[in-house]
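Asker: To start, I am sharing the structure in question, which I have written as structure tokens.
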């Protein structure tokens with residue numbers, strides 16, 4: 001056996017462990033640096049997609065079409081519409097005035113485009129606005145036999161099966177005849193139903209007077225009937241100053257209960273992505289993002305091949321997979337949106353006399369923004385993987401891993417009580433209090449109660465007996481008992497983890513200390529900081545140690561025995577713990593085993609001798625106490 005053979009403890013030598021630790025530190029730092037570059041690139045990419053003008057454009061449009069009141073009736077605007085009369089007042093008043101801006105405040109013409117309309121003089125309407133209605137058939141619901149003599153008409157809630165496809169009214173134009181959908185826009189999810197495309201449609205004119213006459217004609221000929229269930233008002237704008245499209249949808253739902261429920265959607269999106277030099281810089285960030293995605297995917301594939309089933313045992317690996325899935329989804333959405341924009345934009349702008357359906361493009365673009373938002377959220381969460389080598393973060397992860405079973409058991413008990421109260425609130429207050437109108441609303445309302453946001457007066461008014469009982473018992477059991485129990489579980493486990501760390505259990509290395517040490521070494525190499533020579537200050541010669549031992553009362557035999565042990569230990573450490581690295585495992589030879597066995601025997605003798613000395617000291621102390 002050559003001299004370079006190593007003494008292995010459990011199959012791994014101390015130099016090899018030290019070497020592997022250095023490799024782990026170096027690899028972690030490299031991954032952290034690479035990931036920071038990726039994260040900075042992703043932040044530039046995502047924030048480059050968001051324009052602060054999006055909010056202002058949405059705000060000014062919502063203020064114009066939602067908050068503007070009917071002339072002579074300050075209480076009636078789109079948000080406050082509750083009847084068909086109010087709806088027609090809005091159509092002939094605020095909507096008409098908001099859509100047509102023909103001249104400056106001095107009646108001066110600002111542009112020469114024939115019959116054009118530019119809202120607030122800056123936002124040009126693309127094509128013309130469209131109004132669309134969906135209806136249900138008569139006798140779509142079943143009337144109880146005792147009321148059949150009183151009720152001859154019955155219109156159920158909207159479903160695709162109940163939809164009325166037959167022509168009605170004047171039956172002369174498209175607003176009186178059913179039109180099938182020729183677009184791929186998604187169905188609309190409203191308050192009381194999910195509405196498909198198509199319906200009874202009419203497009204507005206570019207002339208304000210013609211449009212007003214059209215509204216009057218529809219109102220006088222009862223275009224809105226008892227079977228009407230929803231009316232959509234759709235139009236799209238483009239502001240060249242900030243390169244933003246604003247797609248607007250105003251929705252008026254006519255539920256089977258009567259009345260009108262209004263809702264709206266304002267999508268300000270940047271469909272034309274590459275116009276300015278900054279846009280091309282964002283494009284370069286997108287290319288860099290794709291390169292990072294390929295690199296990370298290759299790394300994860302290698303890890304899966306190397307660790308196989310053990311790969312799925314780490315929560316960080318699951319986070320890596322989730323992040324990769326989100327990144328690929330975002331790239332797919334981006335490609336799809338750009339392809340659709342390339343195919344549809346020319347067609348949508350070709351005929352200015354027709355409605356331009358930009359809702360489809362805006363809808364998928366908003367979903368792309370949502371995917372990117374979720375992606376960057378988990379990208380930031382992944383940083384915890386790298387700073388988990390820090391003592392504090394390691395304590396946090398250890399605390400959560402230790403108490404996960406207790407938390408799961410607590411969560412089962414918590415949600416049993418929580419859902420019981422949610423169902424109680426829904427059944428007792430659901431018909432009168434908006435916060436409990438559905439079971440889902442009831443659940444979220446209870447979370448708000450835990451956070452201190454609640455409407456006690458509403459539930460008390462709904463039921464003056466059960467309301468206070470529900471509120472007091474919920475606060476007591478959920479807020480005072482269960483939540484404090486949850487905190488007690490976390491606090492108790494954290495105390496145990498902190499106690500373990502205080503006796504030596506801590507991360508193999510702390511990333512902060514490694515970075516700090518690297519900075520000091522760099523400063524020393526640049527001669528900006530003097531190197532500390534700890535060995536020259538702290539290490540004493542063997543002669544000085546022996547002289548000091550004589551002064552403290554040790555006899556010559558003890559000193560000689562200690563010097564012999566020290567030399568033997570240094571020789572063994574030099575032989576078996578040298579800095580040279582052997583990658584291959586080499587077994588211990590018979591001669592090496594014999595030397596190690598003698599070394600262990602000598603250590604045992606020393607320990608026995610120390611034990612005798614301690615017993616002698618204890619006997620002397622006992623005698624002195626007597």
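Our numbering is plain: 1 for the first residue shown, then up by one each step along the chain.
Including glycine, each Cβ sits where the backbone N, Cα and C put it.
TrEMBL: automatically predicted annotations, no manual curation.
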Asker: With TrEMBL as the source, which of 234-255, 366-387, 432-453 is set down as transmembrane segment?
Answerer: 366-387
Asker: Looking at 205-226, 469-490, 491-512, which one is transmembrane segment according to TrEMBL?
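Answerer: That would be 469-490, the stretch labelled transmembrane segment in TrEMBL.
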Asker: Which residue range, 256-276, 277-297, 529-549, is the one TrEMBL calls transmembrane segment?
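Answerer: It is 277-297 that TrEMBL describes as transmembrane segment.
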Asker: To which of the residue ranges 154-176, 177-199, 407-429 does TrEMBL assign the term transmembrane segment?
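Answerer: Based on what TrEMBL states, transmembrane segment spans 407-429.
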Asker: From the ranges 32-51, 52-71, grab the one TrEMBL calls transmembrane segment.
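Answerer: When 32-51, 52-71 are checked in TrEMBL, transmembrane segment belongs to 32-51.
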Asker: When TrEMBL marks a stretch as transmembrane segment, which of 318-346, 550-578, 579-607 is it?
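Answerer: In TrEMBL, the transmembrane segment feature sits at 318-346.
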Asker: Are the transmembrane segment (32-51) and the transmembrane segment (366-387) close, by which I mean at least 3 Cβ pairs under 8 Å that are 6+ residues apart in sequence?
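Answerer: Counting Cβ pairs under 8 Å (6 or more apart in sequence), the transmembrane segment (32-51) reaches the transmembrane segment (366-387), since there are 3 or more.
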Asker: So what sits near residue 141 (disulfide bond) in its own chain, CB-to-CB under 8 Å and at least six residues off in sequence?
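Answerer: Listed in sequence order: 154, 155, 156, 256.
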Asker: Looking only at the domain 'Polycystin cation channel PKD1/PKD2' (273-497), what is the mean pLDDT?
Answerer: 87
